[in-house]
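Annotated domain 'TRNA-binding' per TrEMBL: A:39-153, in sequence order. Residues or ranges marked as domain 'B5' by TrEMBL: A:408-483. The Mg(2+) binding site feature in TrEMBL is assigned to A:D461, A:D467, A:E470, A:E471. The domain 'FDX-ACB' annotation in TrEMBL covers A:711-804.
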Amino acid sequence: MKVSYKWLQEYLDIDINPTDLAEKIARTSVDINDVYSPSDGLKKLVVGHIESVEPHPDSDHLTLCQVDNGEETVQIVCGAPNVVAGKNVIVALPGARIGNNIKIKRSKMRGEISEGMLCALQEIGFSEKIAPKAYDEGIWFLPDDAKPGESVFPYLGMDDTIIDTDITPNRGDMFSMLGNVNDIAAFYGLKSHFKTLNVKENSTTSTADLIKVQIDDTNLAPTYKLRVINNIEIKDSPMWMQIRLWNAGIRPINNVVDVTNYILLKYGQPLHSFDYDKLPEKEIKVRFAKKDEAFTTLDEDERKLNEQDVVVTAGDKPAALAGTMGGLDTAISNETKNVALEAAIFNPTLIRKQARRHDLHSESSTRFERGINPETVETALNEAAELIAELGNGTVATGIVTGSEAAINEPKVEMKLARINHVLGTQMKMEDVTNIFDRLAFDYNVDGDTITVTVPARRWDVSIEADLLEEIARIYGYDNLPSTLPEQTSNIGALSLRQNLIRSSRHVLEGEGLNQAISYSLTTNDKAEQFQIENHGTPMLLDYPMSQDHIATRMSLISGLLNDIAYNIARKQKDVRLYEQGRIFTTDNDGIRPLEQEHIAGAMTGQLLNNNWHQENHSVDFYDLKGIVERYLENMSLSGTVTFVPSNERAELHPGRTANIKLDDQLIGFIGQVHPQIAKEYKIPETYVFELNLEAIIEAPKQGRHYDEISKYPSIKRDIALLLDDNTLNSDITAAINKKGGSYLVDVHLFDVYQGAHLPAHKKSLAYTLTYQDKNGTLTEDQVNESFDKVVSYLTAEFDTEIR
Amino acid sequence: MGLREKLDELRQQGLKDVDNSEDLDRINDIRVRLLGKKGPIKEALRGMRELSADERPKIGQFANEIRDDLTKAIDKRREELEFAKINAQLEQETIDVTLPGSEVAQGQPHVIQQIIDELVDLFVGMGYEVAVGDEVEEDHYNFEMLNLPKDHPARDMQDTFYVTPEVLMRTQTSPMQARMLEKHDFSKGPLKMISPGKVYRRDTDDATHSHQFHQVEGMVIGKHITMADLKGTLEVVAQELFGDELQVRLRPSYFPFTEPSVEADITCFNCLGKGCAICKHTGWIEVLGAGMTHPNVLKMAGIDPEVYGGFAFGLGPDRFAMLKYGVEDIRDFYQNDVRFLTQFDQKG
Ligand SMILES: [Zn+2]
């Protein structure tokens with residue numbers, strides 16, 4: 001709410017710098033958006049008196065005005081259609097700064113000197129939405145008694161300071177001057193001089209004879225009251241009221257509408273004024289709208305209502321969308337003579353949903369949503385009726401017609417002093433507490449160390465002990481609370497084994513050169529179901545997504561990484577090495593929610609190293625990524641055996657360059673080249689990927705940290721080269737060697753793979769070094785030869801091979 | 001010429017030859033020639049037989065002196081020559097040490113991960129446990145158990161990705177508060193937990209909005225937990241992340257699951273409180289939301305709010321990273337441009 005500092009000063013004896021006041025409000029009540037003066041950034045704007053107006057000799061729409069600017073009479077060229085001699089106007093002197101940071105200079109317009117500019121409100125910083133409509137096309141006229149040469153700011157209320165508060169949902173009371181005055185009085189310990197205006201019912205007609213109100217469902221309108229003001233004259237409201245409104249961001253319209261808005265600001269009570277004579281029937285009701293019921297609101301928009309909308313009707317015909325916007329047919333116009341004035345409390349939830357549904361968030365609906373002070377419904381109605389009558393020379397009919405009236409609820413809450421200090425960590429005495437409630441003007445009773453507080457209805461956000469503790473804490477001042485730390489517990493803080501393994505997985509892959517990516521978990525339907533380790537079917541879909549790009553929960557991490565690679569490629573980043581650790585979601589379980597699994601995945605494309613003078617570079621290939629995965633899995637110290645098994649059944653991967661990764665018999669992931677067709681769809685070049693199910697790795701038995709004694713005895717090596725069919729798998733050969741290697745074989749190392757000119761077609765050569773060692777003694781050549789020969793003869797028998 | 005003179009002449013000549021030798025081979029030759037078995041000194045000493053018994057030891061001693069002198073001179077000269085040879089070789093081996101070193105592939109943790117890990121470590125150090133929840137949650141835990149019944153206005157504020165009326169993408173990590181409250185055995189002492197993770201809101205992605213972001217929430221519930229403890233804890237967090245010369249300011253706020261609720265601001269680290277664009281000229285930057293756990297939240301989890309109480313707080317690592325490093329577009333965190341990712345490599 002835009003709170004006027006000058007208005008506050010009418011009710012409170014404060015003389016604090018508004019910025020300091022705002023800081024205090026922020027620390028004690030509600031947040032502050034901004035503190036500003038409407039005149040910020042403007043200068044040299046003075047009252048000018050137009051002495052004469054003549055047509056510009058060289059233009060059909062410009063005029064030459066002789067203007068007394070307080071110092072002298074000067075000529076100013078003006079283009080406004082409403083310019084007229086004898087009026088006081090806003091003059092921007094040469095050197096002035098007006099809205100949008102525009103500087104005014106002495107100039108010539110079509111050959112005629114212009115010593116400044118006559119301004120419209122919009123030209124000195126008023127928004128189009130706020131400047132009164134009557135002056136839309138022309139310059140603004142200042143009061144006739146304004147003195148030429150004086151600054152215009154005081155005449156327009158622009159010398160005020162506005163504290164723009166950002167009100168939390170609970171503090172609906174702060175949407176009024178009354179609420180602000182009460183709170184500021186409380187935290188500064190001031191006395192409030194808030195004044196209300198009483199109504200003088202100066203008509204012999206009784207309101208009840210003019211109109212009836214029938215509220216069948218008090219859930220819709222817990223309080224509903226009406227007054228009628230007769231024989232009024234519609235005109236502009238006085239300057240002081242217009243200033244109040246526009247400084248609060250509300251456009252002045254006429255004396256009736258302005259009064260309702262003024263009262264809204266002052267009490268936080270929205271009012272609605274109907275043109276009494278245009279009400280088709282003089283019986284007001286509140287009901288839910290009918291399905292597709294048509295209703296034209298004030299903004300001339302014909303709306304289709306639904307059964308959740310709440311309407312105020314005259315007879316059965318909708319006259320207003322309750323608490324949100326009035327109807328065009330019954331709106332106040334320049335011809336209005338009699339006014340029916342509504343003060344009500346509508347159901348906050350229904351108003352909120354209705355305002356949202358129709359995108360009609362107004363000053364009124366905001367207040368109804370946040371709650372209305374039941375204590376001031378009638379006060380506000382009376383003051384409004386009186387002001388309308390006064391400003392429009394009308395009469396107020398006798399009595400209020402009440403359709404419903406909510407009971408005023410003033411809960412009593414009992415608290416112990418020890419409890420207060422226990423929760424807040426303070427050492428207050430009872431008198432400190434009572435002092436706070438005195439300032440807040442809450443009634444209380446003290447009995448020993450117990451205080452019973454009666455919460456006034458104007459603070460409907462306060463109802464339980466915790467709420468009162470907040471009142472005590474904020475008035476006491478959060479700055480004054482001590483700073484301590486919670487009691488120590490006996491348990492040692494530590495990551496769980498699972499959390500530790502996930503963290504070290506990240507560290508290992510980073511150490512191996514992969515950068516951590518965090519991609520979107522929500523993706524397209526197609527991408528969500530790609531690259532699953534095991535087929536879990538289709539992804540979970542959002543009921544009401546925001547964008548087609550984020551509609552389904554991912555079932556693998558790779559699709560996100562490929563999006564990331566595509567993003568990099570599109571930005572000319574060709575060498576990309578990424579990994580991601582995160583959740584995937586599977587739906588083929590029984591629960592109402594999907595199963596979430598931690599996975600880890602990687603993707604690489606481009607050159608392994610940057611172009612480098614010193615190192616030989618090459619394009620990333622399968623074995624580069626496999627090395628990373630192997631190293632990672634070794635770091636995880638799994639007890640079981642990891643194998644890479646060729647797989648040509650994964651649709652998204654190259655059928656000849658893909659391996660399933662198995663831990664003993666369990667499938668825990670895969671590695672491979674992205675299928676060129678899929679790569680094309682993602683718009684990425686040759687890319688290698690892997691994905692592992694971290695859950696499987698977390699659950700798998702581990703060897704833990706261990707040590708093997710280093711043998712004191714020498715090892716003996718034998719090399720063997722095998723000529724094989726080119727589809728023979730290395731894993732089969734090493735398995736065979738290990739199978740027949742005997743107990744002294746400690747290592748089998750592949751040191752060469754050759755395929756090419758020196759070999760027959762469809763043949764390849766694999767060369768291995770076998771290392772033999774005995775932990776307990778020195779091996780003899782004979783022992784090794786014996787073992788080695790067994791391997792050779794087994795390989796010869798099992799594989800169509802030639803030993804070279 | 002006497003034996004002594006002969007020996008002395010040998011010495012003079014030998015020292016001269018050593019000094020004049022210019023390579024290691026030559027010096028070896030000299031050694032062999034002068035000091036070897038067939039060398040002139042040995043030869044000269046053969047004439048000792050002709051000397052008197054008391055001359056003999058004197059000449060013997062003199063000969064030994066000469067041998068020592070020559071040996072020393074040879075060793076010294078050899079060292080000099082070896083040193084010169086090595087120097088010559090080293091000079092030849094000189095390289096341009098200003099050429100760049102070999103590239104070492106090293107990946108970096110994501111900046112958001114770094115902030116989360118930093119917070120996790122901070123709280124683990126204070127005895128908190130880490131509770132990581134599911135990203136797909138039940139309405140019941142995401143809202144109802146946190147004092148946000150079906151028609152609560154705050155549900156409008158956080159637009160939600162629903163899957164079914166009962167299942168949604170969690171909008172906050174707070175559901176873990178409710179789940180942990182239900183699970184914790186309070187006979188073993190207070191519950192101290194921190195819950196980091198991804199959360200989702202039904203938002204259109206732009207520079208300042210993301211349908212996916214992160215949250216870190218913490219909660220402490222026990223018999224003797226005070227608002228002063230909350231204040232102290234928030235100060236520790238803010239100062240850990242932004243530096244301890246900054247001030248912390250608490251001000252009232254509103255969250256359905258806490259009462260009293262506060263917002264914690266820190267002095268703007270950019271202008272140190274003078275006011276600038278980053279802090280919207282207030283001198284303060286909002287970094288944390290917090291409060292004393294609402295009695296309804298405790299009651300719904302089956303905990304007596306008369307006996308137990310405590311606090312909860314939450315913060316956004318994405319926002320922290322944007323503030324701390326001046327990242328202007330939140331989408332940068334999730335598009336993973338390698339030029340973005342590799343910048344956050346400071347470990348010191
Ligand atoms: Zn700043």
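Even glycines carry a Cβ here, placed using N, Cα and C.
Heads up, TrEMBL stuff is auto-annotated, nobody curated it.
Since the structure is predicted, the reported quantities are computational estimates derived from the model, not experimental observations.
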Look at the binding-site residues A:D461, A:E470 and tell me which residue has the greatest number of other C-beta atoms within 10 angstroms of its C-beta.
A:E470
Let me check the 10 A CB neighbour count of A:D467 (Mg(2+) binding site). How many other CB atoms are there?
20
List the helix, strand and coil residue totals of the domain 'B5' (A:408-483) as derived from DSSP.
34 helix, 15 strand, 27 coil
So what sits near A:E471 (Mg(2+) binding site) in its own chain, CB-to-CB under 8 Å and at least six residues off in sequence?
A:I436, A:F437, A:L440, A:F442, A:V462
